[in-house]
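> Checked TrEMBL, it gives:
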- 1-16: signal peptide (SIGNAL)
- 70-376: domain 'Peptidase A1' (DOMAIN)
- Asp88: active site (ACT_SITE)
- Cys101-Cys106: disulfide bond (DISULFID)
- Cys262-Cys266: disulfide bond (DISULFID)
- Asp271: active site (ACT_SITE)
- Cys302-Cys335: disulfide bond (DISULFID)
Amino acid sequence: MKWALLLLGLVALSECMNKVPLIRGKSMRQSLMEQGKLEEFMQKYPYDLASKYSGFMSYLPMHNILDIEYVGIISIGTPPQSFTIFPDTGSSNLWVPSVYCHSDACSNHHKFNPSLSSTFRATNIPVAVGYYTGSMTGFLGYDTVNVGGIVDTNQVFGLTETEPGSFLYYSPFDGFMGLAFPDMASSSATPVFDNMMKQGLVSQDIFSIYLTRNHASGSAVIFGGYDSTYFTGQINWVPVTTQGYWQIAIENVMINGQVVACAHGCQGIVDSGTSLIAGPPSEVIVIQEQIGATSDKYIINCQNIGSMPDVTFTINGLQYTLPPNAYVRQVYGQCFSGFEFIDLPSAQGEMWVLGDVFMREYYSIFDRTNNMVGLATAV
């Protein structure tokens, strides 16, 4: 795999607060564009972002995977076997490829070999993580998992036996580490952070995510607290409205002081597993028109970035502003809007997904004790 990855050491912040450095490399979109295969790939795997949020399966939308750039390193087993994982606050399962998987997607990724680990315990419990083009299937096992220096000697995880489809073949990661609530977990597998809390491996039942801008190094997931050097100003603590996803209330979305979306309030999922910001089609179209993006491929004239408007989300009484250089993606000289469609109704109103475009601007803190999301202006 020709991923420009820089392996960073794991740095402990304190006795019970640990940092997992995130590596920012090429996204699948960049790699496919380099190979001239992007259009063919998009036609073969048309996506539906809403499928990620259907039911209790941990869905992996392709469009999101196309733009994933942040990955981390964990180890499983004794002696440890290392894996590149994608930390996802929008799902709850930990899974990695295994030696029992013979799908193309497993052929060029690291595979866990249970026979090489003296601490592995197998189960006969099947696990399936679904995505709209197929599914990952396998079984659950238990072993020692090291996440940023936190050693969990009894963590359940999925070992894949099949990974249908070719899009995971191009992914810059081996597996997923879900960080949402346990209700979201397939096969009732206990999520990594829940196990850390139960075993007293973290000083606070809090983790946080810092994502750098402009391909700079320094992105990280911090388990056991938050790092005040990653933000300025105060933290705005926002209550979780529904436990499952990290779901919060949004009051409105504004451009130039005028409400353009979410006029009567809506819901938002803070999701590191979604690269962009997604909202109801009828409202995203309005935003695309006002920022000057085409309605079909969301293309933006790169020369217009300096004159484009800010987009502001009002959350818990405070305004969270995204300037054009935050919501416009530039890939090999082309510029794209960071907003996309999602048709995801909920009992509490319209649903938005606040992905990496939002999280790069606002350091995100996830508090399981009080069931709140903390947001602060990222440095």
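The backbone N, Cα and C atoms fix where each Cβ goes, glycine too.
Burial and contacts for the listed features, if you can.
DSSP gives Asp88 (active site) a strand state.
Under 8 Å, Cβ to Cβ, and six or more positions away along its own chain, Cys101 (disulfide bond) finds Lys111, Gly138, Thr160, Glu161, Thr162, Glu163.
In the three-state DSSP scheme, Cys266 (disulfide bond) falls into the strand class.
Long-range Cβ proximity for Asp271 (active site), meaning a same-chain Cβ under 8 A and a gap of 6 or more residues, is found for Asp88, Thr89, Gly90, Tyr245, Trp246, Val353, Leu354, Gly355.
Taken residue by residue with DSSP, Cys302 (disulfide bond) is part of a helix. Taking Cβ-Cβ distances under 8 Å and a sequence gap of 6 or more within the same chain, the neighbours of Cys302 (disulfide bond) are Val328, Gln330, Gly333, Gln334, Cys335.
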> How big is the Cα-to-Cα gap, in Å, between Cys262 (disulfide bond) and Cys106 (disulfide bond)?
42
> Give, as a single whole number between 0 and 100, the mean pLDDT over the domain 'Peptidase A1' (70-376).
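A mean pLDDT of 93 is what the predicted model shows over the domain 'Peptidase A1' (70-376).
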> With DSSP assignments reduced to helix, strand and coil, which class does Cys335 (disulfide bond) get?
strand
